[in-house]
Amino acid sequence: MKKIIRLASKGDGVTEDGQFVPNSVPDDYISDDGKLEFGAHHIEPVCRHFSVCGGCRLQYADEEVYKNFLTDRIAEAFHQQALSAPVLKTAHLSPPYSRRRVALRAFKAGKKLTLGYNKTSSHQLVDIVECPLLDKNLFKAAMDLRSFLQKWLAPRSLAQIEMTLADQGIDCLLVMPFPETLEATEAITAFAAEKGFARLSIDQGYGVETRWESERVTVTLGAVPVTLPAHAFLQATKDGEQTLVHMVKEAVGDAHFVADLFSGLGTFALSFEKDKRVYAAEGMRDAVLALKQAAALAGKAVFVEHRDLFRRPLQKDELVRFECIILDPPRAGAKEQIANLAILPNGRIVYVSCNPATFARDAKTLLEAGWVLHWVKPVGQFPWSLHVEMVGLFTKM
């Protein structure tokens, strides 16, 4: 018998002698004939689709194991950069049924419509009838789409579905071919109104066309309603967003003049009280316009610039003006911007990341330039998945 001692980065259990054992957790045992004996941390998956659906990976791990797994993912990323693991705070997990945005797919073969997620490591679809990840209103809206797609999705056609729980209700974008007929147009309006959708848009490959919007669709950030553009980035759960905002505000402290780089719609920029002055830079035009409008209407001291920080990162003479700099880049990290931050003589950096590998890479650049990493807070917004968000505080005296 061999004991499972840890989880590897892809979620497989690992024994002391390095054997990888799928679907196992620490304190499980694997016998010589391959039979797995469950330990105290191995629990029953909560979804009937688990093991087939690719939406979740670790439903059989209890909360203690899952928190340790997310924390270890960050520590391992630092080890890969030949760095000591940072001070890691206890991971925060968003609860089940809390996801407020989702991407699904639907395919019609003959008269059969399949709607759901991809199977694990496959392009095949799993037809879902439940999902413990999603807010119940979001899941209901996804199921409501079945009848609409059954009629209007052409045979052998694929629909990409993006859904967000906005302030006014469900914002739905369907990427699919759609008939340009009066009947089809009226069907969209009737369906969206009947099901109470806030907005329903179609993209046939030529850009997003809003076909139904009963009122301006917004998402509230920092108590400020912000117009929600199509494809805009939004934290996966409100709970996760609140945790990230809390940690960022704690790290920013009493800094008065703050930069928010890769600001998006203003998750952090709009969270501060009016006594702080915030410069926000973002490369997505629609997000910039939405943030500008929201900040102005709320009377927030937020200056917003449309700026591609990969091609035109802030330079040293621009950065030295700020008492604290927040970064929240996409998965690729902020290599170009970090190079300019590293050479600053002093300051405070709050780095929010969704990728341990690029976070550790960028942290190495800062650490080698004399910055100190005080702590990292892991945040699990995607229950039972391999993904982890994190906030880290760097200072240089």
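Here the Cβ of each residue, glycine as well, is placed from N, Cα and C on the backbone.
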One of Gln204, Gln235, Gln381 listed by Swiss-Prot as binding S-adenosyl-L-methionine at the site of Phe262, Glu282, Asp328: Gln235
Cα-Cα distance linking Cys47 ([4Fe-4S] cluster binding site) and Gln235 (S-adenosyl-L-methionine binding site), given in Å to the nearest integer: 23
Residues satisfying Cβ distance under 8 Å from Cys53 ([4Fe-4S] cluster binding site), sequence separation of at least 6: Cys47, Gly116, Tyr117, Lys119, Thr120, Val126, Ile128
Three-state secondary structure, Glu282 (S-adenosyl-L-methionine binding site) (per DSSP): strand
C-beta crowding around Asp328 (S-adenosyl-L-methionine binding site), within 10 angstroms: 24
